[in-house]
Every structure is written in structure tokens, then in C-alpha cells.
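Listed features, source Swiss-Prot:
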BINDING   Gln85, Gly103, Glu104, Gly105, Lys106, Thr107, Asp492  ATP binding site
BINDING   Cys821, Cys823, Cys832, His833  Zn(2+) binding site
COMPBIAS  800-817  compositional bias 'Basic and acidic residues'
COMPBIAS  827-837  compositional bias 'Basic residues'
REGION    791-837  region 'Disordered'
Amino acid sequence: MAGLLKKIFESGKKDVKYLERKADEIIALADETAALSDEALREKTVEFKERVQKGETLDDLLVEAFAVAREGAKRALGLYPFKVQLMGGIVLHEGNIAEMKTGEGKTLTATLPVYLNALSGEGVHVVTVNEYLAHRDAEEMGVLYNFLGLSVGLNLNALSSTEKREAYACDITYSTNNELGFDYLRDNMVVYKEEMVQRPLAFAVIDEVDSILVDEARTPLIISGEAEKSTILYVRANTFVRTLTEEEDYTVDIKTKSVQLTEDGMTKGENYFDVENLFDLENTVILHHIAQALKANYTMSLDVDYVVQDDEVLIVDQFTGRIMKGRRFSEGLHQALEAKEGVTIQNESKTMATITFQNYFRMYKKLAGMTGTAKTEEEEFRDIYNMRVIEIPTNKVIIRDDRPDLIFTTIEAKFNAVVEDIADRHAKGQPVLVGTVAIETSELISSKLKRKGIKHDVLNAKQHEREADIIKNAGERGAVTIATNMAGRGTDIKLGEGTIDAGGLAVIGTERHESRRIDNQLRGRSGRQGDPGVTQFYLSMEDELMRRFGSDNMKSMMERFGMAEDAIQSKMVSRAVESAQRRVEGNNFDSRKQVLQYDDVLRQQREVIYKQRYEVINAENSLREIIEQMIQRTVNFIVSSNASSHEPEEAWNLQGIIDYVDANLLPEGTITLEDLQNRTSEDIQNLILDKIKAAYDEKETLLPPEEFNEFEKVVLLRVVDTKWVDHIDAMDHLRDGIHLRAYGQIDPLREYQSEGFEMFEAMVSSIDEDVARYIMKAEIRQNLEREQVAKGEAINPAEGKPEAKRQPVRKDQHIGRNDPCPCGSGKKYKNCHGKEA
């Protein structure tokens with residue numbers, strides 16, 4: 001252990017030596033840079049950009065660029081970065097975490113690597129925890145960047161897409177972590193590439209990096225859509241399919257558990273739902289509900305595939321026969337079963353897109369962060385983000401007095417002592433900051449101070465604007481400020497007049513947080529830039545952390561010695577508290593790591609889908625090649641399921657292939673039984689694909705190329721988006737129920753990975769099948785609008801247009817059942833005058 005500590009200590013010393021050497025090189029250019037005029041200094045930015053274009057790396061430019069940014073800060077802001085700030089800037093440029101104590105000027109430090117990395121033209125994101133800080137830093141530091149000829153954008157929640165696009169197009173963009181994540185998700189839901197706002201993710205500097213990458217790591221960002229407004233369509237589809245007759249209206253393929261409507265079944269469906277063509281894009285929802293109702297009624301059996309318990313449909317594992325609690329069938333099949341069994345149909349709000357901060361920030365080419373407290377989480381930063389934590393020495397020696405903890409037996413005794421201490425210090429004119437773990441604690445102390453008539457401010461992490469003002473004044477003479485631990489981060493407490501003589505800022509902690517890092521943040525509020533200060537934590541044996549880690553013995557010992565109201569100050573207790581904190585931190589790290597392992601499954605799937613969407617949206621020419629691959633995979637699956645080359649021909653189900661092709665890919669009768677007989681499985685596939693190719697060629701002639709391309713995009717985007725949202729929903733249910741599988745020797749994570757993969761494979765096949773069906777069967781209308789995909793609107797001519805004048809129908813005309821009726825109604829012949837014929 002001693003050897004390990006020595007190694008860590010020595011590597012830290014090595015880091016500091018290297019950083020000091022590099023910082024000295026920058027300082028050596030100070031006179032030369034100071035001699036440049038404002039114009040010449042600005043010209044340096046243009047020169048650097050050209051050098052990057054010609055192949056010089058940012059590392060090559062570091063010393064010169066930092067010297068220019070440093071001189072620029074002096075002229076534009078009146079601030080001249082210290083040597084330690086140059087060192088911090090180098091750490092950030094190298095994609096690591098600079099641990100710099102409160103008051104050491106992290107905001108100014110960040111300007112150096114931000115300036116350097118902005119020269120690449122790829123865009124730099126500066127990330128803060130709230131909009132107030134983003135706004136403040138963009139405004140204050142923007143003066144420097146503009147002075148040096150760089151553009152600065154501020155990305156806020158209230159901005160329109162156009163304004164966001166402009167903000168992201170700037171050299172440097174300030175934003176909150178939430179807004180960045182949501183913009184990424186929204187970009188992957190757009191239907192035109194022009195609607196995307198972000199550029200590829202290049203470099204981000206995260207302020208208060210521990211807060212964003214550790215404390216908020218487990219919080220997923222979720223964009224939810226409304227669930228289907230009504231469950232009535234499931235009930236209607238269920239009622240309809242129960243009126244159908246097997247063979248006449250639908251066919252069942254036992255092997256693949258698929259059900260197809262026949263031509264008669266389709267006609268009945270069109271009449272029942274009062275639509276012209278079930279395969280029109282506007283009717284995808286109806287067709288989907290019918291398909292699921294058919295599957296639920298004619299391929300799924302009660303007490304075999306599922307059971308009904310307590311008004312719920314529960315899935316039965318086909319291999320073990322166990323009930324799989326928490327799992328739901330995807331794509332609406334579960335709701336179709338609920339309609340079939342007459343139980344309550346559950347419709348939750350749908351998750352349309354989701355990502356965690358862990359996975360969002362790991363997509364950047366380079367990531368850096370700064371904070372006053374990261375050393376305690378060093379292992380996590382290294383394992384998960386591949387970032388090292390490097391401690392930067394302070395500019396001036398810290399002279400703050402950190403006192404050992406005071407421990408009381410009861411909470412009441414502790415709070416009384418806290419209030420007495422505040423009153424004494426307040427009387428001397430010493431500013432006091434009281435840190436609490438919970439809001440109710442801050443309110444309790446506030447009421448005790450009111451009774452004593454001590455004027456004070458209470459700060460909860462609710463109002464960012466007001467928060468900064470209160471914190472700014474917290475260092476004034478006699479000020480008393482009560483704050484929950486995280487409140488006011490990012491704003492310095494500067495000491496007012498006459499407070500140094502009173503002892504500087506006194507920080508009083510009312511209990512230990514379960515994380516040492518949060519305690520250290522509170523301590524670090526005092527003693528900034530070599531100022532005097534004092535910190536004191538008050539604990540009681542009834543505090544949650546003490547209760548969790550066995551303080552009963554000590555409590556009874558203190559009571560035995562008659563110390564119920566007195567405090568003890570013991571290094572042993574402080575060490576016990578710290579080891580308890582270490583245990584909690586370890587548990588929390590394990591839990592965040594586990595979240596990441598689960599989320600990685602969805603991350604890999606998300607990347608595949610988002611990449612496919614991006615290719616579709618950006619495609620300039622026809623998507624036929626992609627679509628033909630989907631059709632080929634679908635035909636391959638259907639043929640191999642019904643006519644496998646590994647089975648004797650007498651076991652083949654050629655009629656099943658014809659039923660599927662008639663229902664989904666080609667006009668009825670295009671392929672007959674005679675066409676398929678005496679052929680190999682491969683020949684059958686090729687025959688079907690040749691016929692489909694000819695039908696596709698014919699379809700392409702119906703519209704100009706750019707309009708047909710738009711039709712292909714509409715189909716692909718609608719199918720991919722619908723299936724992906726259903727899949728996320730199914731993965732959510734799988735994740736919720738997977739821990740229930742931890743029976744026997746089953747590892748829930750392994751199960752989640754393998755089942756998640758199977759579900760993804762099934763979704764991809766389902767996308768192939770639906771795209772093939774809609775491309776081949778949908779009637780192409782003119783003026784297709786991709787926007788209608790996003791809104792799920794009808795892809796029909798606008799309603800409300802005057803009805804076309806109907807033409808008389810002559811009996812001697814030969815008209816196909818699916819041809820448009822010549823009367824001009826716009827309906828199919830079979831649904832109009834064909835009925836009379």
C-alpha cells in the first residue's frame with residue numbers, strides 16, 4: 001500500500017514538473033507578445049488557423065497560442081493568467097481533469113485551451129451546470145474571444161432551432177449539459193438534415209466536472225412522446241379479426257407464427273375501417289393494429305405463450321415455463337393480447353429517445369474538465385472516461401484552519417451548538433457560511449436563528465440568479481448564509497472590508513455528506529487565494545451516515561460518561577466517518593458502473609439506428625440499393641422458412657410463400673404454384689426477386705426521380721422511427737424486469753445483453769419487412785412531404801378540396817378490382833362501382 005501511495009505521489013510530482021516547464025516556455029514569450037499591437041495580436045488567430053490547415057497540430061501551437069490568449073486576457077479583461085492557470089490550461093488541452101481549488105480562477109484558465117482548440121474550426125463546447133453560469137461566462141469571456149477574432153455562441157433552452165444552429169456554428173459555444181444532450185437526441189429525430197443543430201462533437205470543457213459526470217451520471221435524458229391517445233383501435237382491430245374465416249380471409253404459417261390477410265380479408269378490412277387501401281401510408285397504424293390482432297388471436301395461446309393474472313397479461317418463457325414478470329411483448333402485441341383477453345389495456349407514455357450523460361460525453365473526440373474536488377473520484381474518471389485527475393498547486397499557500405469534527409450524542413444538542421457558534425462569530429463581525437445536506441435542515445437552523453434575532457439568508461438550489469447574488473454577499477462583514485451543499489457552485493465568495501481581521505470566512509458543516517468530495521467543496525469555500533478562514537463540521541450520533549455505520553456503541557459510551565450535551569473532538573471518530581464515506585462512495589461507483597454496463601447495450605443499438613437515419617436523411621440519390629437489400633433479406637427469410645434447402649421438398653410450404661408474396665410484395669396472381677414447383681430454394685428466391693425488381697422499375701416511372709427519392713425516404717424514416725420507439729419501450733420493460741431473473745445462477749446483465757441483442761435483431765428484421773411491404777404495396781401519391789412522417793399525418797391530397805365531378809361508368813370497360821374507379825371518385829373500383837358490378 002505504501003509503495004502504491006509513493007508511486008501515485010511521484011507521478012503527481014512528475015506531472016507538476018512537466019507542467020511547470022511548459023508554463024515557463026509560455027511565460028518566456030510574454031514580452032514578445034506584449035509588444036504586438038491589438039491588430040497584430042488578432043492577426044495571430046488567422047495565422048494559427050492557416051498553420052492548422054497546413055498540417056501543424058494544436059500541440060505544436062500550444063506555447064504560442066497560450067501566450068497570445070494570455071496577453072489577450074490582459075488587454076480585454078484586465079486579467080493576466082498566473083503560472084498555475086497556464087498549467088491548468090495545459091491539463092485541459094490534453095483531455096484530462098484539472099483539480100484547482102476554489103478561487104484559483106478556473107473560468108479564466110479554461111479560456112486558454114478553449115482558444116487553442118477553437119483554431120481547428122471544429123467547434124468547442126464549454127459546459128456548465130446551469131444557464132445562469134453559461135450566460136455569465138459567455139458574456140464575460142466572450143469579450144476576450146471576440147477581441148481575438150473568434151465567435152461565441154450561447155445555447156439556451158428557449159432558443160429556436162435556427163438560433164441554436166447559429167450558436168453551435170460559432171467557434172465556441174457555452175451551454176448546459178442538459179441542453180447539449182437533448183439537442184443531440186432531437187437532432188436524431190429530425191426528418192431533414194437542415195433541421196439538425198449540432199456539428200460533430202469535437203472538444204468539450206466541463207466546468208464542475210464531478211457534478212456532471214459523477215453526480216448526474218445515472219440520470220438519463222429522456223424525450224417522451226404521448227402514448228397512443230386511445231386504446232380503442234386495439235379493441236376495434238380485435239373485434240374485426242374475430243369476424244374473419246381462416247383460409248378465406250387469412251392464412252396462418254405455423255412455422256414462422258405469421259398470419260397474412262388474403263385479398264378477401266383485405267377487402268373486408270377496408271370496408272370495416274372505411275378506408276380505400278390498407279397499404280396506403282396514411283393507414284399504417286390501422287394495418288399495424290390488424291396485424292398484431294391477427295397474431296394475438298391466431299398464433300398465441302393462453303396458458304402456453306402467456307397467462308392472465310390480476311387483470312394483467314404476463315409472458316411465459318418458452319424454454320423454462322416460468323412467468324417473465326416485468327417483460328412485455330413489443331410493437332403493440334402485448335396490447336393486442338390485452339384486448340383479446342378483455343383485460344385493461346396499458347398504455348404508458350413512450351420514450352422516443354434517451355441517453356445518459358456518461359454516454360453522451362464519451363462521444364466527444366476529446367473531453368476535459370475542471371473542478372475543486374475530483375481526486376476522490378479519480379478511479380471513476382480513469383475507468384469510465386479515460387481522463388486523469390491532475391492536482392494543480394494553488395497560486396498562494398492555503399492558510400485556512402480545518403478543525404477536527406465535533407461530535408454530539410443527539411441532533412438537538414448538535415444544532416444548539418451550531419446556533420451558538422454562529423451567534424458568537426456573527427457578534428465579532430465574522431462572515432459565516434452554514435452548509436446543510438438537506439433543505440429541511442436549512443429551514444430548521446433558519447427558524448432557530450430567527451428566534452435569536454440573527455439576520456441571515458437561506459439558499460436552496462432553486463433560484464440560480466438570486467443564488468449568485470446571495471453568494472457574492474456571503475463574505476461581507478457579519479453576513480450569515482445557510483446553503484444546501486451544491487448551491488452557489490461556480491460563484492466565488494470574496495471577503496468584504498474588515499473581515500480578514502475577524503478571521504475570514506467561517507464555514508460550518510452541519511453533518512457529513514456521504515461523499516467526501518461534497519464535504520471538501522464546502523471546506524473549499526473558505527480560504528481562497530491565501531485568505532484566512534476556518535472550517536468546522538458538527539456531527540451527531542443520530543446523523544444518517546453515523547447511524548448507517550454503527551455508532552450505537554459510541555453513543556452509549558458518551559451517555560455513560562455523562563457527555564449527552566457535551567461534544568467530543570476525536571481523530572478516531574473522524575477516521576471512522578471517513579472510512580464510512582469511502583464505503584458509500586465505493587457502492588455508488590459500482591452502481592454507476594452497472595448503469596453504464598446496461599446503458600452500453602442500448603448505446604450500441606442507438607448508434608446503429610442513428611447512423612442509418614443519418615444516411616437516409618443525407619442521401620442525395622435514390623435509396624433503392626438499401627431498400628433492395630431489405631427486400632432481399634425479407635424474401636430470403638420467407639423462402640428459407642417455408643422451403644429450406646435442408647428439408648425434403650415434400651415438406652415445403654410453397655402456398656405459404658405465395659400467400660406472403662401476394663399479401664405483402666406483389667399483386668395477387670403474379671406468382672403461381674406452377675412457377676415455384678420443381679425449383680431449388682435459391683431459384684425460388686431469385687424468381688421472386690426478379691419479379692419484385694420489375695415491379696420496382698415500373699413504380700419508379702410513376703414519379704420524377706427526386707419525388708420518388710422522397711417517397712423512399714418517407715417510407716424508411718417512418719418505419720425506422722416507429723420500430724425504434726417501440727424497441728426502446730420494450731428495452732425499458734426488459735430492464736425493469738431483468739433483476740427478477742437473478743434466480744439460480746443467472747447473471748441479469750448477461751441476460752439483458754443477450755435478450756436485448758435478440759430483440760434488436762428482431763426489430764431489424766421487422767424494419768426490413770415493413771419497408772419492403774410499404775415500398776411495394778403503397779400507392780404513390782404526388783407531393784409527398786417528409787414532414788408528414790414526423791407528425792404522423794396522412795400522406796393524402798389535402799382534405800376539403802372540391803370533389804372531382806364523377807364520370808358515368810360504362811359496363812364494357814375491363815377494370816381491375818384494385819384499379820381507380822373510372823367514375824372519378826378516387827376510390828378503388830372494388831369499393832365503388834365494382835360493388836354494383
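One is the number of the first residue shown, and numbering goes on along the chain from there.
Here the Cβ of each residue, glycine as well, is placed from N, Cα and C on the backbone.
When secondary structure is read from DSSP and collapsed to three states, Asp492 (ATP binding site) falls in the coil class. Counting only same-chain residues six or more apart in sequence, the Cβ atoms lying under 8 angstroms from the Cβ of Gly103 (ATP binding site) belong to Asp492, Arg528, Gln529, Asp531. One residue stands out among the binding-site residues Glu104, Asp492 for having the most other Cβ atoms within 10 Å of its Cβ: Glu104. Apart from the site residues Gln85, Gly103, Glu104, Gly105, Lys106, Thr107, Asp492, the chain places the Cβ of Met100, Thr102, Leu108, Thr109 no farther than 8 Å from the centroid of the site's Cβ atoms, the recorded ATP location.
Set side by side, the binding-site residues Gln85, Thr107 differ in how many other CB atoms lie within 10 angstroms of their CB, and the most is found at Gln85. Summary for the binding-site residues Gly105, Lys106: the Cβ-based neighbour count within 10 Å is maximal at Lys106.
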